[in-house]
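Engineer: Not my notes, these are from Swiss-Prot:
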{"type": "ACT_SITE", "residues": "His187", "note": "active site, proton donor/acceptor"}
{"type": "ACT_SITE", "residues": "Asp258", "note": "active site, nucleophile"}
{"type": "BINDING", "residues": "Asp69, Arg77, Arg144, Lys174, His175", "note": "substrate binding site"}
{"type": "SITE", "residues": "Asp185", "note": "site 'Important for catalytic activity'"}
Amino acid sequence: MTVPHIPRGPVMADIAAFRLTEEEKQRLLDPAVGGIILFRRNFQNIEQLKTLTAEIKALRTPELIIAVDHEGGRVQRFIEGFTRLPAMSTLGEIWDKDGASAAETAAGQVGRVLATELSACGIDLSFTPVLDLDWGNCPVIGNRSFHHNPEAVAHLALALQKGLAKGGMKSCGKHFPGHGFVEGDSHLVLPEDRRSLSELEAADLAPFHIMSREGMAAVMPAHVVYPQVDTKPAGFSEIWLKQILRRDIGFKGVIFSDDLTMEGACGVGGLKERARISFEAGCDIVLVCNRPDLVDELREDFRIPDNPALAQRWQYMANTLGSAAAQAVMQTADFQEAQAFVAGLASPQDTAGGVKVGEAF
């Protein structure tokens, strides 16, 4: 069977279960789609996951980019057969107790194990690291954050990024310009952060500046309003994305929207309007999760935005190690020692009350 050549479009969709239905195959063959994000509902065991990712990648060329939210702690989509990853705050605790060097070493090992295990299963990308500061205000961020100190967050995220690269993965810093100060969960409400730009620059934006200089591949903006900067949520704001992120910070990588079905995105209009405004604001790729009917709505009469960099940016996010090479790495004593070390950092309470973050069913 001839595999159709379909350039990757600017939409990342999802699927319902462990295998592709015929309807889902047709949806993923649409030129609007360029990638797919997987959730817990798509994982039964490692062999099933490998079969699913191979099936997805066989649909078209260039292959769809396959992503997952696999941060560690409360947000780890795949559990059985994978190393249990610690909450990122565990690395911050090591920073405080044992110093920067020990914490950075641990972060590098976490990144390496995280990426290699996913690479072995055909996954291209995990949406990590979380660059939000832990101000103690935001339960949905909480221990997903490395630390409250911007310097610690930046250094630990950079170490994690280096580990990800060893496992064949790029980094995606989130949630620009910072979700940690607000109380609300943008999956459920539209939070407001009333601080000034100068206050944000002095704290929350610092990790984004540093990571951008150090090769961060992608950024995901927050569905949060910062009314002293713009009345629109950051992910729909040209001020935040084109002016502050691109021009002022100098970020040259990929901008992914956060999920456009989240409550924090719903005040902007219907899905087509949300996508249009996201693209106009500066997003390269939009995520539409948990609502395949809305993906179909978006596909109708969809006009792919003019973005000459899209193909290159998609390709930049592709895995660089490959499944077979990653599986070979996993057989080495050195990697197995890293797995044991990382597993020793995790604790049962890491999963408490939060493993469904971002999942609707």
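Cβ atoms are placed via backbone N, Cα and C, with glycine included.
Here the structure is a predicted model, which means the values were calculated and not measured.
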Engineer: By a simple count, how many Cβ atoms lie within 10 Å of the Cβ of Lys174 (substrate binding site), its own Cβ left out?
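Structural biologist: Around the Cβ of Lys174 (substrate binding site), 24 other Cβ atoms lie within 10 Å.
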Engineer: Measuring Cα to Cα, how far is His175 (substrate binding site) from Asp258 (active site, nucleophile) in Å?
Structural biologist: 8
Engineer: Whole-number answer please: how many Å between the C-alpha atoms of Asp69 (substrate binding site) and Asp258 (active site, nucleophile)?
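Structural biologist: Taking the Cα atoms only, Asp69 (substrate binding site) lies 11 Å from Asp258 (active site, nucleophile).
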Engineer: What whole-number Å value do you get for the CA-CA distance of Lys174 (substrate binding site) and Asp258 (active site, nucleophile)?
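Structural biologist: If we compare the Cα positions of Lys174 (substrate binding site) and Asp258 (active site, nucleophile), the gap is 9 Å.
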Engineer: What three-state class does DSSP give Arg144 (substrate binding site)?
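Structural biologist: Reduced to three states, the DSSP call for Arg144 (substrate binding site) is helix.
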Engineer: Does anything in the same chain, at least 6 positions from Arg77 (substrate binding site), have a Cβ under 8 Å from its Cβ, and if so what?
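Structural biologist: Spatial neighbours, sequence-distant, of Arg77 (substrate binding site): Leu38, Phe39, Arg40, Asn42, Phe43, Val68, Asp69, His70.
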Engineer: Please report the distance from the Cα of the residue listed as 'active site, nucleophile' to the Cα of Arg144 (substrate binding site), rounded to the nearest angstrom.
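Structural biologist: Cα-Cα, rounded: 16 Å.
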Engineer: I need the least crowded one of these recorded positions (Asp69, Asp258), counting other C-beta atoms within 10 angstroms of each C-beta.
Structural biologist: Asp69
